[in-house]
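A.B. asks: Before I ask anything, here is the structure I am working with.
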Amino acid sequence: MKTIGLLTSGGDAPGMNAAIRAVVRSAIYYGCKVYGINRGYKGLLEEDLTEMNLSSVGDIIHRGGTILKSSRCEEFKTEEGRLKAVKILKKYKIDCLVVIGGDGSFAGAQKLSDLGFPAIGIPGTIDNDLAYTDYTIGFDTAMNTIIDAIGKIRDTSSSHERVNIVEVMGRHCGDLALYAGLAGGAETIIVPEVEITVDEVALRLKTTQKRGKRHSIIVLAEGVGSASDLEKELKKESGADLRVTVLGHVQRGGSPTVSDRILASRLGVRAVELLLDGKSARVVGIKENKIIDLEISEALAQKKVFDKEAYEMAKILSI
């Protein structure tokens, strides 16, 4: 009988609990024991582990956040810290590890695998910034949260004939801004992958105003710069009445969508099956609605391809 360790690491994402549930229940179904590790790699080094059972994951599929909590851990980034982690895992007779998180979490799983400890990664991040998978757990829910906010902001924007800048998460990847902006009917979408000047944005505002449209929504990915700075510069160039909304951590919360719950469930079960097959240093993901797995190193080496077609479509539809 295998014993599986399970942790969530990095930024939380809606659907992580659904993945936790899937790992625990499928592992027990296959006759395994599961230890939940609280607060990620930090909790592992502090031996904050709890054996999980079926009731541990009851009534959590609909909950946002992660019942295992999450944190970041500088000590784990050191060789000494990782050796300590392996020693603790062996102390609890844990045979393998499932890590739910993003690229940093996967890098940690790779390091453990390099030390001979089997680990599998499940993609959980709202940014959707992992190139090897079409979607990450939490992305769909975060998009829906943003779209809901854009709709409400548009109501007041149109009432007062204002330009509203909505800042969303996405340091290096503009997927949240792009797809939420497209689905929310934003007049301008600003992402890290496409260079656009303040003058160009101001010209778009002036053009729409000349057509008689007195309000606009600009969706800005945080990785491009701050919404407040953009507001000041646009005010100078366009003279428009502007307001800023920074959605912040509200994007990470909320009950996961159907898509995220199903994705998390499928990935969780597949991760357990890989471990039972003796696989290690791999991540699971989804491509064209099929569950895939590949080496962590290969997954992290892939470069995210920006959806230029969707971006151009958004420009066409925002005239």
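Glycine too: its Cβ is placed from the backbone N, Cα and C atoms.
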A.B. asks: According to Swiss-Prot, Arg72, Cys73, Gly102, Asp103, Gly104, Ser105 bind ATP; which of Gly11, Gly15, Gly170 is also listed for that site?
C.D. replies: Gly11
A.B. asks: If Swiss-Prot gives Arg21, Ala22, Val23, Val24, Arg25, Gly185, Ala186, Glu187, Arg211, Lys213, Arg214, His215 as binding ADP, which of Arg39, Arg154, Arg171 does it give for that site as well?
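C.D. replies: The candidate from Arg39, Arg154, Arg171 that Swiss-Prot ties to ADP along with Arg21, Ala22, Val23, Val24, Arg25, Gly185, Ala186, Glu187, Arg211, Lys213, Arg214, His215 is Arg154.
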A.B. asks: Restricting to the record's ADP-binding residues (Arg21, Ala22, Val23, Val24, Arg25, Arg154, Gly185, Ala186, Glu187, Arg211, Lys213, Arg214, His215), give me the longest CA-CA distance in Å as a whole number.
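C.D. replies: Of all Cα pairs among the recorded ADP binders, the widest measures 58 Å.
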A.B. asks: List nothing but the one residue from Val23, Cys73 whose Cβ has the fewest other Cβ atoms within 10 Å; the candidates are the binding-site residues.
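C.D. replies: Output over binding-site residues Val23, Cys73: least Cβ neighbours within 10 Å is Cys73.
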A.B. asks: Between the Cα atoms of Lys213 (ADP binding site) and Arg243 (substrate binding site), find the distance and write it as a whole number of Å.
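C.D. replies: So the Cα of Arg243 (substrate binding site) lies 17 Å away from that of Lys213 (ADP binding site).
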A.B. asks: Would you mind pulling the DSSP three-state label for Arg243 (substrate binding site)?
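C.D. replies: It is in a strand.
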A.B. asks: What same-chain residues, at least 6 away in sequence, bring their CB to under 8 Å of the CB of Gly104 (ATP binding site)?
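C.D. replies: In sequence order, the residues whose Cβ lies under 8 Å from that of Gly104 (ATP binding site) (at least 6 apart) are Ser9, Gly10, Arg72.
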